[in-house]
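Structure, as structure tokens:
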């Protein structure tokens, strides 16, 4: 299943894939190691299973988590989180937001988050977020924002929108390069 909207004949459509909760056959028991990370991520699972309990306590759940390190089972762990919570798993590569046409990256981000809200509660997994989440303020012409920065800004705006009660979307991102991520993502 693909994104909802788009612009210019689909250029702005997200290529995010949805895996329905019935089709997720992986759980934490299937993930070797990562015990500390699994314990921390259980907070997301508990929130997705019992959101009213958190609302009654006025507890704040983090907007998401960043999994790092090469060949550490990041994707499997993110998918297992959705399996444990019994919610849909939406997956996308960070590189899908990089486009040569102005405005396409931010449009894809908006489309992906609209898809996530429509399928809430869910896990939204962004693999290789470093492709779009690099530190801002680097090389760029004439003080303007690059398309990558515009896309990152849209990503941050959409993530801030998840603090509302009507949405139970947890964003889990993966990267090999935490050192180059924009501080706003951390």
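Cβ coordinates are placed from backbone N, Cα and C, and glycine is handled just like the others.
As written in TrEMBL, here are the features:
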DOMAIN    60-184  domain 'AAA+ ATPase'
Secondary structure tally of the domain 'AAA+ ATPase' (60-184) (DSSP, helix then strand then coil): 59 helix, 25 strand, 41 coil
PLDDT averaged over every residue in the domain 'AAA+ ATPase' (60-184): 89
